[in-house]
Amino acid sequence: MRRCRGVACVAIILSTAFLLIVYLAPITTFVVRLFSVHYSRKATSILFGIWLSLWPFLFEKINKTKVVFSGENVTPKRRVLLFANHRTEVDWMYLWDLALRKGYLGYINEKKCIKSQEYASEHGLPKLEHVLLPKTKGFICCLQQLRSSLDAVYDVTIAYKHRLPDFLDNVYGVDPSEVHIHIRTVQLSDIPTSEDEITEWMIERFRQKDQLLSDFVAKGHFLDEGTEEDLSTPKCLANFSAIVGLTGICLYLTLCSSVWFKVYVVASCAYLSFVTYYSILPPQLVGSPEGAKKAV
């Protein structure tokens, strides 16, 4: 039964994503953008967030994956930079469980671990067992560009009960049975400003992550569990029904209605392929050009 639920969850995610992108993306990224770049991005973000909210519902409520939060309680509606350990290819999926609760909407293996430990030994860095040494340049670049507009940085550590799942485990609903997410809030004033100091700070944070995961392996849980409430089933069902219903309408229009809907689907696919490949988006034609520049 769990395997059937897993396949159904993935089928719903893929079908809703494809049809909603084909029907709605040209409206938000082309039509709305001609009038306002700001509202084009806002509309796209809202639609994407509504779709992403399917994931926690399907994983937690339908596929019965238990998600346990620990550490510090996260304040909603803050502008934050987040960094986390990356133990398996499905880590990022469960970060949406946190995002939904807050009103927002490569992985480690033995070979990579050994390579990371060899590099650490050669450069006098700590040898880590459960995480790889962080690649700090991307984090430093983001932090330096966004520091003035951020409220905090979240240090997130993800652990899995029993064993690390891969993508097919999620597809078939086999694993994970439990996902544990530990959160630490870091104030920007506590983070250094120079690149070398940020690198040292980041390596120390990952050394702490490694110790946190070692404790998790020994005890089977993080400390201070239960910092987030369960998802609201009625709200999740309402969102699920709306998305699946809209997807059903799109499917009906494509297969059973006027030929013009089929033409629209073909044109939409061609447009999305073109703008994705060439990284081209239409300019704002209506309103203040200066306002458009600020929104880009």
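Every residue gets a Cβ built from N, Cα and C, even glycine.
Here is what TrEMBL records for this protein:
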type: DOMAIN; residues: 172-240; note: domain 'Acyltransferase C-terminal'
type: TRANSMEM; residues: 7-31; note: transmembrane segment
type: TRANSMEM; residues: 43-59; note: transmembrane segment
type: TRANSMEM; residues: 261-280; note: transmembrane segment
Note = If one takes Cβ-Cβ under 8 Å and requires six or more residues beyond its ends, the residues near the transmembrane segment (7-31) are 40, 43-44, 47, 51, 54-55, 58-59, 62-63, 170-173, 243-244, 246-247, 250-251, 254, 264-265, 267-269, 271-272, 275, 281-282
Inquiry  = Across the domain 'Acyltransferase C-terminal' (172-240), what does the mean pLDDT come to, as a whole number?
reply    = 87
